[in-house]
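Scroll down for the structure; my scribbles are underneath it.
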Amino acid sequence: MTAEAPPPEKREWYQTQWFQPQDTPRERRLINKLDLLIVPYAFLAYWVKYMDQSNLNNAYVAGLKEDLGFQGNELVQLQTMYIIGAVVGQIPFMFLFTYVPMHWVIPFLDVAWGIFTLLQYRVTGFAELAAYRFLVGWFEAAFFPAMHYIFGAWYRSDEIARRGGVFYLGLTLGTLTAGLIQAGASERLEGVRGLAGWRWMYIICALITIPIGIIGYFVLPGTPDRPNRLLLSEEDVAVAKERLQRDGHVTEGKFSWKGLLKIAKTWHFWGLILFDVFFWNGSINTSTGGYLLWIKSLGRFSKARVNELGTISPALGMFYTVAICFASDLVLGPAWAITVAHVWNIIGLIIQVIWEVPEGALWFSFMTTYSAVAMSSVLYGWVNSQLKAAPAERAFTLVLINTVAQSTTAWTPLLVFKTVEGPRFTKGYSFVLANAVCLIGMAHVLRIYLAKKE
C-alpha cells in the first residue's frame, strides 16, 4: 500500500512554492526528473520551430523580395501556405497520439522540418518556396498540441501553466534568434560562396534544428502509458500514475469514435473551439511581419539593423510569457491571466489602428505585440485540466481546437493583412483588436460556466 499524501494546505499567494505540500519526497524527485527531461527539450524544439517559421519575414526584408522579384502579396501568400500545411498536418495526429509513442513521433517531425528548412536556401521562385513552406508547416503541425499532451500526461492541472510558460519562451526566443541570425548573415555572409545572406540564414537554421530533433529520441520521456524505458524506471512510472490518479487524472485510453461523439455533444467543447479561434486571430499580429515592414519603411536602417531592431519586441515577449504563465498558476487563475495579457495587447493595437501618432508611440505599440501570445500555455493548460479524466478525448480536443482555430488564420490575413497595404494594416489591426476583446469576454464566460459546473 502506498501512504496517502497529506491534504493540501491553504496558503497565501506570496507563500507559493514550486512543489505542493502534498507532494511526497519521492514525488518531488520524479517531478524534478520530468522537469529536466521535458521542459528543456520542449523549450529548445519550440525555439527552433519559431526560428524556422519566422525566418521568412526576416529574409523578406533582407533581400529575398528583391532577389526573387516579388512585387505583390507574395509574403502573406507564403505565410498562408505554411498555415495550410500546419492545419492539414495536424489531422492525423488526433488519432495517433494515443497509439504511437510520443518520443518517436516528435523527434521524427523535428528532423523532417529541419530538412525542409534547409532546402529553402536553394529556392529560385515563388512556387518552389511555397512548396517548402507548406512542408515545413506540415511537419511542424503536431508539435504544439503534442507537447501539451505530454505536459497533461505527466503533470497535474496546477503544475502545467508554468512549465508551459517556460516551454513557450521558445516562441519569442525563436523569433528573436531568427532576426539575429539574419542580421549576422546579411552583415558577414552576404556573397560568401555566391550565396545571398538570406540564403545562409536557412542553412544556419537547419544546422541548429536537425541535431535538436535527434536529441529528442533520447530525452523525451513519452507518456505514462508508453514511457521511454531508456529514461524512466518502473517505479518512476508507478509513482507518476499514482500521483495523477489521486488528482483525478486517467493515464490510459485510446481514441474511439464513440468518445469523439461524446465530447462533441458537450457545450464546453464548442466553446473551447470558439475561444481558440479568438486567440489565434487575436494574435496574428505577431506573425504577419508588420513590425519589420514598418522599420524598413522608415528608410534609415541597413538590412542587418532592420533585423536587429526587429528582435526587441519578441525579447519583451519572453518577459510577458513568464509573467503571465506564472501568474496564472500561482496568483490569478487562467481567465484573469488571459485578461491581463490581452489588455496590454489591446493598448498597442488601438495605437496601430489610429496610426497617425508620434513615432515613439508606434515604437511603444509594437513593443506590446507579443503579449498576445504570452497566454497560449495558459489556454492549453486550461484545456488539459478540464479533460484530465479522458486521455483520448484530451488528445482529440487539443488537436482539433488547434486545427480549427489555426485554419481560420489561413485566410484571414489574406483579407486584412495584404502585403501591398503594409506597413499600415488598418484593417488587420482592427480585426485583431476585435478578436482580442472577444477573447477576454469568452475567457470569463468559460470561467463562470466551469465554476457553476464544478
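Backbone N, Cα and C atoms are what each Cβ position is placed from, and that goes for glycine too.
For 30-48 (among others), the entry in TrEMBL reads transmembrane segment. Here the transmembrane segment (30-48) has Cβ contacts under 8 Å with residues 19, 23, 106, 110, 114, 143-144, 147, 150-151, 154-155, 159, 163, 166-171, 173-174, 177, 205, 208-209, 212-213, 215-216, 219-221, 231, 236, 239-240, 243 of the same chain, all six or more residues outside its ends.
Sequence-distant contacts of the transmembrane segment (80-97), counting only residues of its own chain at least 6 positions beyond either end whose CB sits under 8 Å from a CB of the stretch, comprise 53, 56, 105, 130-131, 133-142, 145-146, 149, 255, 395-396, 399-400, 402-403, 406-407, 409-411, 413-414. Summarising the annotation, TrEMBL assigns transmembrane segment to 80-97 (among others).
Cβ atoms under 8 Å from those of the transmembrane segment (104-123) belong to residues 45, 48-49, 52, 55, 68, 93, 96-97, 129, 132-133, 135-136, 139-143, 146-147, 195, 199-200, 202-203, 205-207, 209-210, 212-217, 220 of the same chain, restricted to positions at least 6 beyond its ends. Marked as transmembrane segment by TrEMBL: 104-123 (among others).
Annotation source TrEMBL lists transmembrane segment at 135-154 (among others). For the transmembrane segment (135-154), the residues of the chain that approach it from at least six positions outside its boundaries are 34, 38, 42, 45-46, 49, 52-53, 81-90, 93, 97, 102, 105-106, 109-110, 112-113, 116-117, 120, 160, 163-164, 167, 220-225, 240, 244, 251, 377, 380-381, 383-385, 387-388, 391, 394-395, 398-399, 402, judged by C-beta separation under 8 angstroms.
Under 8 Å from some Cβ of the transmembrane segment (166-185) lie the Cβ atoms of residues 39, 42-55, 57-59, 62, 147, 151, 197-198, 200-201, 204-205, 286, 303-305, 307-308, 310-311, 314-315, 317-318, 320-322, 325, 370, 373-374, 376-377, all in the same chain and six or more residues away from its ends. The transmembrane segment annotation in TrEMBL covers 166-185 (among others).
Per TrEMBL, transmembrane segment is recorded for 200-220 (among others).
What TrEMBL records for 267-294 (among others) is transmembrane segment. Same-chain neighbours of the transmembrane segment (267-294): 53-54, 57-58, 60-61, 75-76, 79, 175, 306-307, 310, 313, 317, 342, 345, 349, 352, 362, 366, 369-370, 372-373, 375-376, 379, 383, 386, 397, 400-402, 404-406, 408-409, 412-413, 417, 419, 422-423, 425, 428-429, 431-432, 435-436, 438-439, 442-443, 445-446, 449-450, 453, counting only residues six or more beyond its ends whose CB sits under 8 Å from a CB of the stretch.
The transmembrane segment annotation in TrEMBL covers 309-328 (among others). Below 8 angstroms of C-beta separation, residues 57-58, 61, 161-162, 164-166, 168-169, 171-173, 175-176, 179-180, 183, 286, 291-292, 295, 301, 334, 336-338, 340-341, 344, 366-367, 369-371, 373-375, 377-378, 381 of the same chain, each at least six residues beyond the ends of the transmembrane segment (309-328), sit close to that stretch.
Sequence annotations record features per position, and here TrEMBL assigns transmembrane segment to 335-355 (among others).
The annotation transmembrane segment is assigned in TrEMBL to 361-383 (among others).
Residues or ranges marked as transmembrane segment in TrEMBL: 395-417 (among others).
The annotation transmembrane segment is assigned in TrEMBL to 429-450 (among others). Counting same-chain residues at least six beyond the ends of the transmembrane segment (429-450), those with a Cβ under 8 angstroms from any Cβ of the stretch are 267-268, 271-272, 274-275, 277-279, 281-285, 290, 333-335, 338-339, 342-343, 345-346, 349-350, 352-353, 372, 382, 386, 412, 416.
Sequence-distant neighbours of the transmembrane segment (200-220) (same chain, 6+ residues past either end, Cβ-Cβ under 8 Å): 37-38, 40-41, 44-45, 48, 51-52, 55, 58-59, 62, 102-104, 106-115, 117-118, 120-121, 150, 178, 181-182, 185, 189, 192, 228, 230-231.
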